[in-house]
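The next block holds one structure in the form of structure tokens; read it before the comments.
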Amino acid sequence: MAPLATYLSQIDDYPKWALFTGGSIVLFFLYRIFLSPPSYPPGVPLIAEPAGRTWFSPKTRWRYYTDCASLYLEAYNQYSKKGKPVVVPGFGLGYELIMPESLMSWVMAQPDSAISVNQAFLDINKTKYSLGHTRYWGDTWQFVLVKTQLNSVLQYLIPGLNDELKLAFDAHFGTDTENWKEIELEKVLKNVIAQAASRFIVGAPLCRNEKYLKANYGVIEGMMLNAIFTNSSPKWLQPIIGPLVSKKSINNCEIVKKEFEPLFRERLETLKHDKDDPNFEEPQDHLQLLLRYAVKERKDELNDLDIIAKRIIAVNFASMNQTTMTVVNMLLNILGSDAEFNTIAVLRDEMKRTTSDGEPWTKAKLATMIRTDSVVRETLRINPFGNRSLMRKVIKEGLVTPDGMKLPKNSLFSFFSEPVQHDPDKFEDPFKYDPFRTSREREAAADEEGKPGGHALTVVSTSPNYLPWGHGKHACPGRFLVDCEMKMLLTYVLSNYDIEFPVEYNGQRPPTIWLAEVGLPPRGAKIRVKRRKEAI
């Protein structure tokens, strides 16, 4: 998961947050300077400020909103890369402690009783207001199940997910083989990804219920509004701001619950059967795993529609919007790189080889698509979810780093990701989208049988130099399913559709836009699609 400002990517009414941010700066500037104690270790320098200063000037705050990429790059090169911590501005009037790369291994080795991921995101997401309780990020067993159970049944989910992708693309890209259709990419892909993700979360037919899907996005957007606006407020005002800005999420939660309830009641009845009963066909989705787990471990939650629905919403929050933005960037990058790298033809050739046996998708088959893998990985490298990663909260008193820095209890910190992934000392020509950057290296490392090497260079691998999924034991457990989803998605699109930029783009990918520390594809980016008369 990414920093708070990343949530801007899904907020439709930018003037709202801009107005609120301006108001925050005016109303709370003196409060933060004179009344709010620093939440970072004393003595850590503030980027672009004189030594010893403990607050950011209006000039530096303004740079965060108007030129954050260069501000954070400056902080990375001057401090983080050299093994030194630094404090940078955050959303609202936040102070963000950035740990140096040299401490990443130490942080990853700390127990959850000392440094917590869950507590960090509980602070950031403020679900106490948007979902009515802290349990959904305080006791995240709905996410733990992805790691402990869902990934082990991934092979059983792949066929249904593939079928749903076909249905969704046929509906939204169309089936006209004669005429080009211009689509607004993000708007269309939000619907496709929501439907596909819901197939493995709650199954069919609820995954095709437009009212249910729209309400889920309403909750997600409301959650992000709450996180941004509430965190931009002083703590004494948060109990007032939180409920006010959470009305959208709460109202949409009620719609989700209403649409979800018939399936919920139906699934409770299935629990009367043993899942291994040969006369009973166990549903294969996240919801069923969740309910089976609750029977044994969360009996107090099992029959509570409100709690189970909101745990499903939490899963949707993690599985929908970031995947959508990645696929938007990926399709734009493929088209933008096609003239130089012949990207589409190379991918279609690999897809044809992979699917020519006519057999269904399997995890093993998807793993052989190293060029498609490279295209996805390069998108995540050059267009990460946010500028920072590995959000953590200190929950142990007296924690001291190996270099002697005392970390205050309840302080938050993170690591740079975007500057690392664009570091010329780590990547050749780092700002260039090179679709086959990693596949060339993996093919060069192939063994005598021609099997590719470089398994540390796959989409789902993590390292200090590649952080879209986080790193270490808390790396995103859903990345294996998302990996399969994106490869099947891309195969279906390129096998069944011709795609191109609108004429006015002149063959050029529209440039990334920056909202504070978040790089996004331009609002309203479009492509043209036409169904192929014959699939490859």
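Quick reminder: no glycine exception, Cβ is built from N, Cα and C everywhere.
These figures come from a predicted structure and were not determined experimentally.
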Annotated residue, N-linked glycosylation site, per Swiss-Prot; candidates Asn231, Asn321: Asn321
DSSP-derived structure type at Asn387 (N-linked glycosylation site), helix or strand or else coil: coil
Among Asn125, Asn321, Asn387, which are glycosylation sites, the residue with the most C-beta atoms within 10 angstroms of its C-beta: Asn387
Asn321 (N-linked glycosylation site) and Cys476 (heme binding site), Cα-Cα, nearest whole angstrom: 15
Distance from Asn321 (N-linked glycosylation site) back to Asn387 (N-linked glycosylation site), taken between C-alpha atoms, in Å: 17
Packing count at Cys476 (heme binding site) (other Cβ atoms within 10 Å of its Cβ): 21
Rounded to the nearest Å - Cα separation of Asn125 (N-linked glycosylation site) and Asn321 (N-linked glycosylation site): 15
